[in-house]
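Among the features that Swiss-Prot reports, signal peptide is placed at 1-23, with the record citing sequence analysis. Here Swiss-Prot flags N79, N101, N108, N127, N157, N254, N278, N350, N517, N552, N560, N622 (among others) as N-linked glycosylation site. Here Swiss-Prot flags 96-120 as repeat 'LRR 1'. Residues annotated as repeat 'LRR 2' in Swiss-Prot: 122-144. Annotated repeat 'LRR 6' per Swiss-Prot: 219-241, in sequence order. Annotated repeat 'LRR 8' per Swiss-Prot: 267-290, in sequence order, evidence recorded as sequence analysis. What Swiss-Prot records for 292-314 is repeat 'LRR 9'. Among the features that Swiss-Prot reports, repeat 'LRR 11' is placed at 338-362, with the record citing sequence analysis. Annotated repeat 'LRR 12' per Swiss-Prot: 364-386, in sequence order. The repeat 'LRR 16' feature in Swiss-Prot is assigned to 460-481. The repeat 'LRR 17' annotation in Swiss-Prot covers 482-505 and rests on sequence analysis. What Swiss-Prot lists as repeat 'LRR 19' is 530-553, and the listing cites sequence analysis. What Swiss-Prot records for 555-577 is repeat 'LRR 20'. Residues annotated as repeat 'LRR 21' in Swiss-Prot, with sequence analysis given as evidence: 578-602. What Swiss-Prot records for 645-665 is transmembrane segment, and it gives sequence analysis as the kind of evidence. Here Swiss-Prot flags 696-985 as domain 'Protein kinase'. Positions annotated as ATP binding site by Swiss-Prot, on the basis of sequence analysis: I702, G703, K704, G705, G706, A707, G708, I709, V710, K724. According to Swiss-Prot, the active site, proton acceptor annotation covers D821, on the basis of sequence analysis.
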Amino acid sequence: MRSCVCYTLLLFIFFIWLRVATCSSFTDMESLLKLKDSMKGDKAKDDALHDWKFFPSLSAHCFFSGVKCDRELRVVAINVSFVPLFGHLPPEIGQLDKLENLTVSQNNLTGVLPKELAALTSLKHLNISHNVFSGHFPGQIILPMTKLEVLDVYDNNFTGPLPVELVKLEKLKYLKLDGNYFSGSIPESYSEFKSLEFLSLSTNSLSGKIPKSLSKLKTLRYLKLGYNNAYEGGIPPEFGSMKSLRYLDLSSCNLSGEIPPSLANLTNLDTLFLQINNLTGTIPSELSAMVSLMSLDLSINDLTGEIPMSFSQLRNLTLMNFFQNNLRGSVPSFVGELPNLETLQLWDNNFSFVLPPNLGQNGKLKFFDVIKNHFTGLIPRDLCKSGRLQTIMITDNFFRGPIPNEIGNCKSLTKIRASNNYLNGVVPSGIFKLPSVTIIELANNRFNGELPPEISGESLGILTLSNNLFSGKIPPALKNLRALQTLSLDANEFVGEIPGEVFDLPMLTVVNISGNNLTGPIPTTLTRCVSLTAVDLSRNMLEGKIPKGIKNLTDLSIFNVSINQISGPVPEEIRFMLSLTTLDLSNNNFIGKVPTGGQFAVFSEKSFAGNPNLCTSHSCPNSSLYPDDALKKRRGPWSLKSTRVIVIVIALGTAALLVAVTVYMMRRRKMNLAKTWKLTAFQRLNFKAEDVVECLKEENIIGKGGAGIVYRGSMPNGTDVAIKRLVGAGSGRNDYGFKAEIETLGKIRHRNIMRLLGYVSNKETNLLLYEYMPNGSLGEWLHGAKGGHLKWEMRYKIAVEAAKGLCYLHHDCSPLIIHRDVKSNNILLDGDLEAHVADFGLAKFLYDPGASQSMSSIAGSYGYIAPEYAYTLKVDEKSDVYSFGVVLLELIIGRKPVGEFGDGVDIVGWVNKTRLELAQPSDAALVLAVVDPRLSGYPLTSVIYMFNIAMMCVKEMGPARPTMREVVHMLSEPPHSATHTHNLINL
């Protein structure tokens with residue numbers, strides 16, 4: 001009887017448990033489905049979390065992608081990173097009270113964190129990084145999560161002070177709060193974490209002193225506090241007691257003072273990053289006690305003295321970065337003996353004497369950069385002994401002798417920069433065949449001999465051999481350099497004709513072959529090289545005429561053929577070259593009259609001086625200088641009249657024939673139009689493909705540029721659209737992902753992004769359809785007749801709006817989108833003068849996609865290109881930031897980025913030069929010296945504030961520039977003084 005009762009009791013308990021488990025299981029499924037609906041948002045793809053569907057099964061939800069359950073079918077883990085999702089976290093997340101791991105990283109989730117998160121008391125791992133969560137971080141919500149070990153909120157939009165409640169989480173080991181907008185100082189209480197091993201607070205807006213009490217974190221192994229924080233004072237010497245530290249990063253955070261010798265006690269440290277600060281004094285020799293050290297970066301400070309000899313004990317060192325300091329003396333011989341050294345960067349110091357001849361003999365050297373020092377002697381022969389060396393950077397020194405032959409056999413090399421030395425001899429021919437080299441710069445040396453007839457560097461983007469003693473003919477084999485963008489052969493002794501093959505290179509942008517002994521005509525292939533932005537063929541003995549079709553070079557900014565023997569009339573078509581800002585045809589044999597109108601209004605008479613038979617509108621006599629006029633006089637009046645009659649008859653007949661053919665072709669075109677063109681819409685459009693194509697007429701053209709020709713199209717329903725006909729981007733079988741990428745761009749929706757409505761395509765052409773912007777581009781307003789009407793308040797507003805558009809591309813798109821061609825002409829204004837960023841993501845499609853599948857090397861427009869592009873041939877978000885900084889300078893100064901400051905000087909260089917010329921330099925004095933004279937009644941503090949942001953954006957080093965998110969934050973929240981109008985300037 002007793003056993004029967006026990007059995008019944010157990011059965012009853014089992015059914016109770018089963019009912020509870022069933023209810024909990026179905027509750028979890030219901031919560032997951034609500035979670036899906038909220039997290040997807042309106043922009044997510046239809047297949048996002050597609051398998052999260054209701055199914056009448058207790059365990060169905062446990063098979064959802066990214067979901068893990070325990071034995072009781074309760075959800076214990078969710079990982080939905082990289083979906084992407086565009087919604088928010090709903091309150092229902094709190095119902096999943098058995099969750100131990102919640103990972104929603106790499107999405108576009110927005111809003112504030114729901115207070116219901118506090119119910120997740122079992123949570124051990126919370127990762128919400130790489131989203132757009134905002135507001136103050138709710139530390140009180142996290143406080144009940146007493147089991148939490150990992151908290152990662154990197155790259156969001158959290159503001160306010162750092163959450164102090166987190167110190168009560170006794171099991172917390174990993175805390176990553178970087179990449180937000182936290183402000184204020186680091187709380188002293190952060191020294192009270194019990195178990196913390198990883199702490200990263202970098203890339204915020206923190207200030208104050210770094211608390212020395214952080215040294216009490218005895219379990220800490222990783223500490224990162226730098227990057228765009230701005231602390232007061234220096235490195236706390238107490239940090240030397242943190243014996244468990246393996247990684248210490250205090251870079252780019254305004255630290256001053258000397259490096260504490262007490263850091264030598266960190267014997268377990270393998271990484272020490274102190275770069276981009278204001279540290280002074282010498283490098284402490286005591287740091288040699290850090291025998292575990294592998295990476296040491298002290299670059300971009302004000303350190304003095306020599307490299308300590310005691311550093312010979314750092315046998316594990318792989319990276320030694322000391323560049324941009326004031327270090328002096330010689331490089332000790334032990335540096336060449338460090339067995340693991342891979343990176344040695346000492347550039348921009350005061351080092352001197354001969355480099356250790358044993359450099360590279362360790363067999364691991366990859367990156368070697370000693371640019372801008374005072375080194376003498378020979379280039380070490382064994383730099384590439386390992387076959388791993390990627391960069392040789394020795395520009396601006398006093399090296400002599402030849403380049404070692406071993407360098408010509410170093411197939412791992414990607415960059416050779418050896419300009420401005422005293423090197424001589426014949427350059428090893430193997431250098432011009434290295435498969436991976438992207439840059440060869442040998443300018444301003446004493447090299448001689450001929451270039452090898454065989455050249456085949458398939459990756460070479462920059463070839464600079466200027467100001468040497470090279471002789472012989474320019475080899476046609478240059479045509480093999482399909483990635484070449486810059487070719488500088490000026491100031492040598494080359495002879496013969498310019499090989500036409502040079503201008504068949506699909507990516508060529510800059511050509512300088514001036515100052516040689518070249519003869520013959522300018523190759524006609526020049527007019528096909530539509531990527532060109534600068535051409536200098538001056539100081540040669542070229543003859544013939546400027547080739548017809550020069551107007552095809554729509555991106556050309558500089559064209560110099562002065563001091564040659566070129567003849568014929570000045571081409572009329574130059575008037576249509578709107579990008580051309582510098583033209584020099586002086587000292588040639590041009591004849592006739594200089595055309596007027598169009599772009600000719602930009603050029604002065606100096607551009608045409610030294611041509612005896614050429615006159616301008618001010619210097620021409622009444623009689624024409626054209627030879628045809630003299631011929632007409634010799635024919636007499638009767639002959640001239642007869643000729644005119646014949647010409648008129650022929651013209652009328654030809655016109656009638658053309659009209660008939662045109663009518664026939666138009667009818668035929670309309671019949672076939674719908675069959676040859678296809679419209680792909682990204683939203684509801686009330687027009688057809690043939691309506692778009694009908695607008696491709698000369699009279700509808702509203703712009704031409706590197707991205708193609710832009711037409712204004714009026715659709716039958718009354719809608720106006722902008723139609724961009726892309727250059728060199730076909731849509732046939734070999735479109736190299738064009739359709740996929742354009743469709744991705746078509747899904748982008750932001751108030752300050754020019755909306756892509758759809759595209760029309762056939763086998764040869766792609767037409768992109770955008771919303772029409774009636775007020776044109778910012779460039780037109782700044783540099784055209786309208787500039788005087790663009791008041792300061794409007795300029796500032798446009799800057800904020802454009803920054804928000806770029807910020808969206810960089811931080812809110814997944815994957816992020818690099819614009820690649822930020823400029824004032826790509827910031828368009830709608831009817832309310834609201835800014836819209838245009839042409840984003842198009843730069844990679846501007847060249848023939850069949851020529852190369854490597855499109856990432858297209859950098860942007862002349863004057864906007866970041867300086868590091870010359871070294872890397874790559875662009876990233878910080879390249880866009882630099883270009884945006886140039887746009888900010890345009891808004892302040894009102895001048896184009898190039899062409900108005902003298903040869904070789906752009907707007908950034910001019911501003912820096914102006915600063916140096918001021919008797920009493922200050923921000924106010926500099927702004928008053930450069931500000932647009934058309935501005936009046938502007939608040940000086942506001943202009944200074946935006947000017948300082950612009951100068952942050954155009955810093956020479958990419959890592960030192962702010963992100964676009966930081967730019968938006970700064971522009972949107974100026975200090976109180978910058979918004980006041982008490983300091984108005986009237987000019």
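Using the three backbone atoms N, Cα and C, a Cβ is placed for every residue, glycine included.
Cα distances from N108 (N-linked glycosylation site) to the glycosylation sites N101, N127, N517, N552 are smallest for N127. With a cut-off of 8 Å between Cβ atoms, the residues of this chain six or more beyond the repeat 'LRR 16' (460-481) that come close are 419, 437-454, 487-499, 501-502, 504-505, 507, 512-513, 518, 857, 870, 873. A Cβ distance under 8 Å defines the sequence-distant neighbours of the repeat 'LRR 20' (555-577), meaning residues of its chain 6+ beyond its ends; these are 509, 514, 522, 530-546, 548-549, 583-600, 608, 610, 614, 626, 705-706, 861-863, 898-899. The shortest Cα-Cα distance from N560 (N-linked glycosylation site) to any of the recorded positions (I702, K704, G708, V710, D821) is found for K704. Recorded residues N517 (N-linked glycosylation site) and I702 (ATP binding site) have their alpha carbons 43 Å apart, per Cα-Cα distance. Panel annotation: around the repeat 'LRR 21' (578-602), residues 533, 538, 554-572, 608-617, 620, 624-627, 704-705, 896, 898-900, 903 of the same chain, lying at least six beyond its termini, place a Cβ under 8 Å from a Cβ of the stretch.
Neighbour density for G708 (ATP binding site): within 10 A of its CB lie 24 other CB atoms from the protein chains shown. Each of the glycosylation sites N101, N108, N517 was scored by the number of other CB atoms within 10 Å of its CB, and the largest score is that of N108. A straight line from the CA of D821 (active site, proton acceptor) to the CA of G708 (ATP binding site) spans 13 Å. Here the candidates are the recorded positions N101, N278, N552, I702, K704. The one whose C-alpha lies nearest to that of N254 (N-linked glycosylation site) is N278.
Neighbour counts were taken at the CB atom with a 10 A radius for the glycosylation sites N127, N254; the maximum falls on N127.
Note: the Cα of G708 (ATP binding site) and the Cα of N157 (N-linked glycosylation site) are spaced 37 Å from each other. Each residue of the repeat 'LRR 9' (292-314) gets a DSSP state, and the totals for helix, strand and coil are 5 helix, 4 strand, 14 coil.
For the repeat 'LRR 11' (338-362), DSSP puts the residue distribution at 0 helix, 8 strand, 17 coil.
Tertiary neighbourhood of the repeat 'LRR 6' (219-241): same-chain residues 178, 186, 194-213, 247-260, 262-266, 273-274, 276, 279, 959, 962, 966, selected by CB-CB distance under 8 Å and a gap of 6+ residues from either end. For N101 (N-linked glycosylation site), the spatially nearest entry among the recorded positions N127, N157, N278, K704 is N127, judged by CA separation.
Cβ atoms under 8 Å from those of the repeat 'LRR 17' (482-505) belong to residues 438, 443, 458-476, 511-526, 528-529, 531-532, 536-537, 542, 851-852, 854, 857, 873 of the same chain, restricted to positions at least 6 beyond its ends. In this structure the C-alpha atoms belonging to V710 (ATP binding site) and N552 (N-linked glycosylation site) are separated by 15 Å. Counting only the Cα atoms, the space from I702 (ATP binding site) to N278 (N-linked glycosylation site) is about 50 angstrom.
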